[in-house]
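Copied from TrEMBL, the annotated features are:
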ACT_SITE  Asp38  active site
BINDING   Asp38, Glu225  Mg(2+) binding site
BINDING   39-43, Arg51, His55, 83-85, Trp87, Arg89, Arg206, 212-214  substrate binding site
ACT_SITE  Asn86  active site, proton acceptor
Amino acid sequence: MLNKIKRWKNQSSSSELRERMLKIQELQIPSHIAIIMDGNGRWAKKRALPRIAGHHEGMKVVRKITRLANQVGVKALTLYAFSTENWKRPKLEVEYLMKLPEEFLGSFLPELVEENVKVIMMGDKEMLPSHTRNAIERAMEDTKDNTGLILNFALNYGSRSEIIEGIKEVLKDCKNGIIDENELNEDIFSSYLMTKGLNDPDLLIRTSGEIRLSNFMLWQLAYTEFWFTDVLWPDFAEDHFIEAIEVFQNRQRRFGGV
Ligand code: IPE
Ligand code: IPE
Ligand code: MG
């Protein structure tokens, strides 16, 4: 009996979810969604587990949300996976985080290829251990011709250093006559950032109740809609993602106009 009720509950919630999925697709879907996936450590702590157990659980959510984003027609999904500040964490935790891309792509890459997802990354690749870099580069290579969702991992990413690096490149190109400093504008400068070729995010999601950017996409988020939730990333489910899109669709974006 209990099992029957459980099954019924699951079925009804998934049909409700399907209905909400269809409904959001009747309106404008945010073309680029960026997510600060936060709260893995607290999720683990609440269960008296090591922090890395939270990261492992969080990886499963990445898979779920990537699928859903692709299904509802999101064009780009940027996921903050490791910041330039996260090197300050205990060595074992950093080592585990650097193993996650291999673990994730090891089991999920065939599915990404199949589902037409294109993997890219932004961040300083040079500082990544070679096993991490290789896993990402292989995924990028294997999915380079895919035309569906762009899955952009922000890995060893920091927005301030991205901007500084961009400025250095601009200065170099000015000096070499590749661009004229009088012609430098926002569009041209954007093309010197790691998000080159991507539109700015329409929607930013941050989980775990923290209301800050933590050095994430400072330039690109200038006119993005923000949605914060107390839900910890490993608990983030399909209906939370749908809810964020529903809220987005009820916002009025004015971009400074009336
Ligand atoms: C986010 O979860 C994952 C990374 C920053 C890599 P945290 O590890 O920051 O989790 P909390 O904030 O300690 O709960
Ligand atoms: C931001 O989360 C970085 C990632 C989600 C990868 P943090 O947990 O590192 O941010 P702070 O320290 O709370 O600002
Ligand atoms: Mg955190």
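We count from 1, first residue shown onward.
Each residue, glycine too, has its Cβ placed from N, Cα and C.
With a CB cut-off of under 6 A applied against ligand 3, none of the binding-site residues Trp43, Leu213, Glu225 are retained. For the pair Glu225 (Mg(2+) binding site) and His55 (substrate binding site), the C-alpha distance works out to 26 angstrom.
For ligand 1, the nearby recorded positions are Asp38, Gly39, Gly41; that is, of Asp38, Gly39, Gly41, Leu213, Glu225, these have a C-beta under 6 Å from one of its atoms. The most densely surrounded of the recorded positions Asp38, Glu225, judged by C-beta neighbours within 10 angstroms, is Asp38. Rounded to a whole number, the distance between the Cα atoms of Asn86 (active site, proton acceptor) and Trp43 (substrate binding site) is 18 Å. Ligand 2 lies under 6 Å from the Cβ of the following recorded positions, listed in sequence order from Asp38, Gly39, His55, Arg206, Glu225: Asp38.
Other Cβ atoms within 10 Å of the Cβ of His55 (substrate binding site), summed over all protein chains shown, number 23.
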